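According to TrEMBL, the features are:
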type   : residues : note
REPEAT : 161-195  : repeat 'PPR'
DOMAIN : 188-283  : domain 'PROP1-like PPR'
REPEAT : 196-230  : repeat 'PPR'
REPEAT : 231-266  : repeat 'PPR'
REPEAT : 303-337  : repeat 'PPR'
REPEAT : 338-368  : repeat 'PPR'
REPEAT : 383-417  : repeat 'PPR'
REPEAT : 418-452  : repeat 'PPR'
REPEAT : 519-553  : repeat 'PPR'
REPEAT : 554-588  : repeat 'PPR'
Amino acid sequence: MPPAAVSAATAAAAAALPSPSHRRVPAAKSVWINPNLSASHPLHHRHKSAAELQQRQHEDRTIDVAALVAAISAARTAADVASALAPHRPVSGRLLGALLSRIPDPRRGVALLDLVAPDLPPPALLIPYNLLLRSACRAGDLRLASGILLEMRDRGGVSPDAFSYSTLLAALTRAGHLDHALTFLPLMEDDTVAPDLILFSNLIHLALRGGDAPKALALFSRLRAAGIKPDLKAYNAAVAAYCKSGLLRDAKRLLLHDMPADGVAPDAESYSPVLAALARRGRHLAAVSLFTHMRAVARVRPDLSVFNIVLSAYGQLDLAREADRLFWNMRRAGVAPSVVTYNTMLRVYGDAGLFGEAVHLFDLMRNSASGGNGGAGSSVKPNVVTYNTMIAIYGKSLEDEKAGSLVQDMQANGVQPNAITYSTILSIWMKAGKLDRAAKLFEKLREAGTEIDPVLYQTMVVAYERAGLVSQAKRLLRDLKDPEGITKETAITILASAGRVEEAAFLFRRAANTGEIKDSSVHRAMMDLFAKNRRHRNVIEVFDEMRKLGHLPDSETIATAMNAYGKLKEFDKAAALYQAMREEGCVFSDRVHFQMISLLGAQKDFEALETLVGELSHDPSIDKRELYLVAAGIYERAYKFDKASHIISQIRSSNGLDVQKFR
């Protein structure tokens, strides 16, 4: 770890804590410091022989520790604590540990430690400090706990060990303070304390739960760089993070190659995010193939989430009968269908035009809700998604009246319509030519203060425009510039999705100036909008704003920013961004690497290009064939035909290059 990185991390940790004194004692701790205790205390430099220590340990066994703890707990000032301990001074490390482990209030523990610390040599203070640190974490006083660990680092003769760091970081991760926890990792390296697998796994899972997949991948890379062998939990978190970052090939590499190579057997949780990512990309046949491999080759039993994903994939492949067979055989496989499963099957039936099967399954669910048998022992009750799906099915079958009556039915059964319900109804009525009815419903919803989500707004904007009611559409867009009832982040997302550049840019700048944008997805939406409209300078401005807020961008966001730098001919800034993100531990897709190679080619910097290609050729996650094809294309455009021809000939020769073909 470079000294600058350690210094930056230390500064970040200190910034989250109160201002340090000469011993860097937090304000929360200073209230218990005895102001009369100084380095000139008569016991400060007292040295004890081995015989004295042995005698003290013998005397400790005769002390009524419970009574002493009660006296310390009842103390009002540091002087009261000193008075209670006076008969037992000098205090041994054993007695101090017994007291600290029994005193529930960590602040009284701080007062006790400050009082008796001069009785013990500095190395003997490690265990008392760790006990006090554990007490502060259990009490939820993480500010105090952080200050205690920093004080250990600054105190001569004692420094935090693995227990100290793991205790604090585990408490911080459980409390959701990921950024604060990460500031201590460089300090661990500075103290030569190696993080363990459990600590890394907790940090990775916390980053993933917080929706920060790039940070989770950076931590996983750091885990492997530290020589720690990931377990199933860490691998599953990394696979999920790769999938969330759109790095599907890397996720498949972990699942199908790295995990078996490390002797880690994947489970259903390992396959689930990859199957979901394939489905999101529309690669439904690949998802079904992986599902077959999972059952037949890996011998992994699918769980509920896997079944739901595969049922949806069958539907997208127009294999409704196969989905139907799998659905009714789930219980035989030991997995009970959930309401999500039923909703998926309703959608499959609807997409396949099997309206009769959809109505039958829906009736089974409603009978279950009213106390009847829902089929095959089911007790699944319809929810708002169920009703929304059935409303959409009625719309496809041009039964708009049945769709409208279903809204009343769901309310009668205690299921409240949401924005998607109303959006679906509005779309159905507009297709049926009932625009007046749709407009009245929309205005009624706004007057009633119903939450209006982006889908509902966009539905009405599109409806007005298609009907030629341009003035009404513009009025809705003007309302979004000064939104009421919805957040500015939502309004910006609506405008960006609708392609309204000026309106979205105006609202984004105003919200950014007032600090109202916290979600990084808003920044990504604006960057995509500006990029589509070739406003590359604005792309960079939004990216810089995103970085100021401390967000770690994902691979696609970095690619968009680098593309903008390239269009602006600011190649040095693109290279600096690429290098900085690599140093921060961002995991790139091939697109980012190839984009950097292309930018180097545009600069005619072939020496740097060859160096980068050489580095990437040793990266197992890079598609080698694509890498060399990109390099060959650059040489060809630069009229270096001999070089391009040489690379192509090596690609064609199986002996010339190790061309990786991983799809």
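The backbone N, Cα and C atoms fix where each Cβ goes, glycine too.
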For this session: Mind tallying the repeat 'PPR' (303-337) by DSSP state, helix then strand then coil?
Result: 25 helix, 0 strand, 10 coil
Exercise. Can you tell me the mean pLDDT for the repeat 'PPR' (303-337)?
Worked result: 92
Exercise. Mind checking which residues reach the repeat 'PPR' (231-266)? Cβ under 8 Å, same chain, six or more beyond either end.
Worked result: 197, 200-201, 204-205, 207-208, 213-214, 216-217, 220, 223, 273-274, 276-278, 281, 298, 300, 554-556, 587, 589-590, 620-621, 623, 662-663
For this session: State, in range form, which of 338-368, 519-553, 554-588 has the highest count of Cβ pairs under 8 Å to the repeat 'PPR' (196-230).
Result: 554-588
Exercise. What stretch, picked from 338-368, 519-553, 554-588, has the most CB pairs under 8 A with the repeat 'PPR' (383-417)?
Worked result: 338-368
Exercise. Tally of helix, strand and coil residues over the repeat 'PPR' (338-368) according to DSSP?
Worked result: 27 helix, 0 strand, 4 coil
For this session: Please work out the helix, strand and coil residue numbers for the repeat 'PPR' (161-195) from the DSSP assignment.
Result: 24 helix, 0 strand, 11 coil
